[in-house]
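Visitor: Got a structure here, written out as structure tokens. Questions coming.
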Amino acid sequence: GGGRYDMDNLFDGIASNFAIGLVYMSLGVLGIVVNMGTVIMIVMNRVYRLSAYTLMANIALADSVILFITGVACGWSFVERDDSFRIATNATLLFPFEEHEGPRYVLSALHVSAWMAALLSYALLGLNRCIAIRYYGTRAKALNRMPVAISGSLATWAIGMIIALTGTFPSALMGIRQDMFTWSFLEFNHKRSLWFFIALLTLNLLAISGQWICSILVLLKIRYVKKKISRNKLNQNSANRFRKQAKLTFQFFYPSLLCTLSSVVLFSKPFLFDHGLLNRTILIILHVIWLVNHTCNPFIYAYFNDRMRLTYGQLMTCSQLRYEISKRRVSHTFTQGRHTSRRSNGQKANRMSTRSTRGGTTRDGNFVRNSLQMQSRDFEQLCEFMMRVNPFYDSSEGWRESSDEEEEDRPMSRELSVRAERYTR
């Protein structure tokens with residue numbers, strides 16, 4: 001009886017760890033797909049080549065790396081954990097990577113560098129939104145430019161990699177804690193591990209404080225401008241432009257809130273676990289919440305940004321690929337039709353020559369009518385494109401009340417106006 005009971009517990013332990021690993025891996029793969037889709041969307045579309053979107057792409061890239069480690073790698077370690085001795089003793093180490101030092105160092109370095117890159121990018125994005133809403137009419141607007149955003153993104157990875165190297169060599173200070181069902185700090189016994197923890201905590205506090213200071217300033221400005229709009233003290237163009245900026249700001253605000261909660265959980269979990277305040281179920285729930293925090297950013301972007309939601313839909317439905325396939329089919333059909341018509345040209349040449357004298361006037365009229373229809377259709381498409389682009393109100397670099405100053409930054413709108421005038425002629 002006792003042996004059968006032990007075997008049942010062993011089977012339940014294996015099934016439970018397999019299920020936990022499968023959940024972790026599923027969330028990790030989902031997060032990687034949506035975040036990398038965000039990176040590809042921002043990089044491939046010129047309309048997103050602005051400072052705020054560049055920082056969003058950097059955050060999405062960092063989240064993808066974090067999800068690969070905390071989702072796929074952690075999940076795989078639990079799926080592979082089928083040894084009865086390890087299940088019975090609830091061993092901690094870095095199985096299945098403990099026999100191989102290389103993966104341990106690589107995973108630890110990647111996680112710390114991506115974690116710091118994401119956190120510092122949130123701080124830069126908070127500064128970007130604060131300048132865009134409050135200080136865009138000043139010299140600070142020079143910081144909301146693409147070269148600055150790209151340089152800042154590269155700097156976040158450089159800083160993260162330096163910190164990661166100090167916390168990885170000669171021994172990794174972070175890794176998979178199977179006793180905690182998560183990725184966390186391994187120990188605090190040595191002075192090096194304690195200093196590493198303090199350094200990470202300090203940088204997190206500085207980055208999160210910067211996020212919240214910028215967020216509070218922006219929220220106060222939004223409240224002030226909303227009062228002006230409700231009292232009709234702001235012209236319609238400026239009000240529409242401000243609403244666009246406010247929506248883009250909330251795209252940053254809610255992920256920043258989730259980032260703060262994720263950092264608090266990551267730093268507090270080891271101490272709560274050592275004092276026996278977290279059981280197995282709570283540990284698994286906290287890790288799942290951590291994975292969801294890094295997965296949900298693209299969904300928040302799609303909720304607040306109509307253009308991003310449309311682009312996400314185009315990516316999921318492969319509309320560009322289907323368009324290219326249909327265009328090739330049409331061109332192939334047209335080419336075949338030309339070859340067929342050439343064969344019959346010799347037979348119809350005499351009949352066409354006799355009809356040309358009688359139907360010349362009708363053919364000229366049809367040509368003029370078709371040309372006018374084509375020009376009208378092109379003009380309608382141009383108008384639709386102008387409404388989609390909406391350059392007057394949909395810039396993520398910043399907002400100003402003065403409509404005269406805004407006209408200086410609208411070369412695209414003037415170009416579209418020239419094109420529209422050309423078509424009307």
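Backbone N, Cα and C define each Cβ position, glycine as well.
Straight out of TrEMBL:
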- 20-43: transmembrane segment (TRANSMEM)
- 34-301: domain 'G-protein coupled receptors family 1 profile' (DOMAIN)
- 55-79: transmembrane segment (TRANSMEM)
- 105-127: transmembrane segment (TRANSMEM)
- 148-174: transmembrane segment (TRANSMEM)
- 194-220: transmembrane segment (TRANSMEM)
- 252-272: transmembrane segment (TRANSMEM)
- 284-304: transmembrane segment (TRANSMEM)
- 334-366: region 'Disordered' (REGION)
- 334-350: compositional bias 'Polar residues' (COMPBIAS)
- 351-360: compositional bias 'Low complexity' (COMPBIAS)
- 396-425: region 'Disordered' (REGION)
- 410-425: compositional bias 'Basic and acidic residues' (COMPBIAS)
Visitor: Would you mind listing the long-range same-chain contacts of the transmembrane segment (284-304), meaning Cβ under 8 Å and 6+ residues beyond its ends?
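Guide: Non-local partners: 20, 23-24, 27-28, 30-31, 34-35, 37-38, 56, 59-60, 63, 66-67, 70-71, 74, 181-183, 247-248, 250-251, 254-255, 258-259, 261-262, 265-266, 269, 278, 312.
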Visitor: Output the single range from 20-43, 194-220, 252-272 maximising the number of Cβ pairs under 8 Å to the transmembrane segment (148-174).
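Guide: By Cβ pairs under 8 Å, 194-220 leads among 20-43, 194-220, 252-272.
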Visitor: Near the transmembrane segment (194-220), which residues from the same chain, at least 6 beyond its ends, have a CB less than 8 A from one of its CBs?
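Guide: For the transmembrane segment (194-220), the nonlocal Cβ contacts are 112, 116, 119-120, 122-123, 126-127, 129-130, 133-134, 163, 166-167, 173, 185, 188, 249, 253, 256, 259-260, 263, 267.
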